[in-house]
Amino acid sequence: MVFRLRLGIGARRRERCTLLFVVVIFLVIFVGGIIYLPGGEGADSSGEGGFVRKIQRIFNSKNPNPIKPPKKHPAVPETDGMHDPPRDHHAEIETQANLEQKFGHQKDPDLSDEQHQRIKEEIAREKAAFIKEQKQKEIEIENERKQQLLKITAAPHHQGVETGGEPKDAQAKTRRDFVRKMMKTAWDGYQNHAMGHNELKPLAKRGHSAGIFGSSQMGATVVDALDTLYIMGLKDEFKVARDWVAQHLSFNVNTQVSLFEMNIRFVGGLLSAFALTKDEVFKIKAKELADKLLPAFKTPTGVPWALVNLNSGYGFNYNWASGGSSILAEFGSLHLEWSYLTQITGENVYLEKVNKIRKVMHDTPKSDGLYPNYFNPKTGSWGQKHVSLGALGDSFYEYLIKGWIMSGETDHLAKDMYFDAMRAIDKHLIRKSRGGFTYAGVYNYGSVESKMEHLACFSGGMFGLGSKHAPSDLQERHMELGKEIARTCRESYRNSATHIGPESFRFEGPHEAKALRQNEKYYILRPEVVETYFVMWRLTHDQKYRDWAWDAAQAIEKHCHVGVGFSGIRDVYQVPPSHDDVQQSFFLAETLKYLYLIFSDDDLMRLDEWVFNTEAHPLPVSGKNR
């Protein structure tokens, strides 16, 4: 009995000790957890002040869970079910900090307002310091990545592959040097006054950006000028441009951009620079951008949206485009770049996307064999029946014949689609004026408007380039169309006071190849006319094409060279002209490149080895220049 009593007392003591031990362990864990909660208040959190503040925030809070603040569900942007909502890392950090400050600290009635305010200010300072530190770490990581890109160099045996091309003719050499000097002027003005901006305002001496690039400055002129600088042998300028791409070109921006413009200017420009130099920096950047553009293809038909947000991937179309349709020239001008990207990366996704577009275009029924300019990517049906070799339609056809050539003449679907389309266009759109000028009109619901756009002047070169690949019954006809369209577009230049052609020109009554409306009289440094001169020169070596190109170069120098660069003009029939103060990036990519090549030897950028995208960025024909 005594033994049992003592045993019971001993048992109770052991139970108390055990209970006390459990309580102590709990307190240690509890207090330790408080002290080392994530997002603590800085280096002194383990000190007395930090501990007291944490205890105050926990026990004065109305939060039923003393360890975690109550959850707040942020508003989630609506999506179309195909795209994830945009995420911003810094915004998430700031939101977390704001939530902690709001819910982790409730006003203690034992503290004065002044003490309470000091606590709030201290928390805010510490959170700001934390965010700043995180951002600085990200900057350091990005800078390290840029330095690694700078260390990448082109393979030595590819250096200078496509420079040179000095003509044997002294006159051609003088003219070529003249154009090279124009390029130097345009680049220097941009580099000195707008480097990193998309374009230059040569009179205001500052940067400019069109809406097609979204709200971000991504150096469109740098990327567009890369291959021109390289081909012209402007080595120092090319090095500056190359290093800017490696250090500063970033597509991690929250902005909506034109899929078409980002592809032909940026993807095309970067791939061309890679093809010429084999510098891995350009391939890396081209792939980065293409991956950012991939979400635009998430449509029921696979035909992409016109616009895409580079951050969220959200795609959509212009409201004005025939009920929100996609545009033929835009989604039809991806094949050259994306097929080459698959070739150099080994990733099939890029080629698969553009092959899908090609198949949809081929399989969708077409009235009279014509491709309307609008296609609904949701329903798979054509929009309003508007057909053009100019705006909205042009480069779709260009990429068909060039796709055939670039494939090493293996893409038979592209070839068949091109010549079928050209038969229909020749029948329904090609017209001859009273004065004997051949032009490509604008087709609307069965009627053809008697005007031709400057943009459509590229088609002279396209017909000429395709003539050698045409069926026997079309070869002579297509070469003749190339020559006649070149002559017509030359007439539009000859008819103006500046000897520069307008945005569009008409054939009405006594007027031949002349703009009759004020909104058609401007010139924004476009390349299409000299592009046709270049192709026709290479195909025929008829001296008139060089002479016409020289007239255009002199006129542009005389009337468009203002301030620190070149500007478009508002009325080509007015001397002296009024300027729009924009040096378009395509002036350096296309206009000056084609002028330079016209006066160069044919061995520089041979037409059987290179294909120019619609921004004049050369890409190699399959099996050549690898």
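Each residue, glycine too, has its Cβ placed from N, Cα and C.
Per TrEMBL, these features apply:
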type	residues	note
TRANSMEM	20-39	transmembrane segment
REGION	60-89	region 'Disordered'
COMPBIAS	80-89	compositional bias 'Basic and acidic residues'
ACT_SITE	Glu261	active site, proton donor
ACT_SITE	Asp394	active site
DISULFID	Cys457-Cys489	disulfide bond
ACT_SITE	Glu503	active site, proton donor
ACT_SITE	Glu528	active site
BINDING	Thr614	Ca(2+) binding site
Residue among active-site residues Glu261, Glu528 with least C-beta crowding, 10 angstrom cut-off: Glu261
From Glu261, Asp394, Glu503, Thr614: recorded positions whose CA lies within 10 A of Cys489 (disulfide bond): none
Structural state of Asp394 (active site), classified by DSSP into three states: helix
Number of other Cβ atoms within 10 Å of the Cβ of Cys489 (disulfide bond) across all protein chains: 29
Rounded to the nearest Å - Cα separation of Glu261 (active site, proton donor) and Thr614 (Ca(2+) binding site): 10
Per DSSP, three-state class assigned to Glu528 (active site): helix
Among Asp394, Glu503, the one of these active-site residues whose Cβ has the fewest neighbouring Cβ atoms within 10 Å: Glu503
Fewest Cβ neighbours within 10 Å, where candidates are the recorded positions Cys457, Thr614: Thr614
Structural state of Thr614 (Ca(2+) binding site), classified by DSSP into three states: coil
DSSP state at Glu503 (active site, proton donor), helix/strand/coil: coil
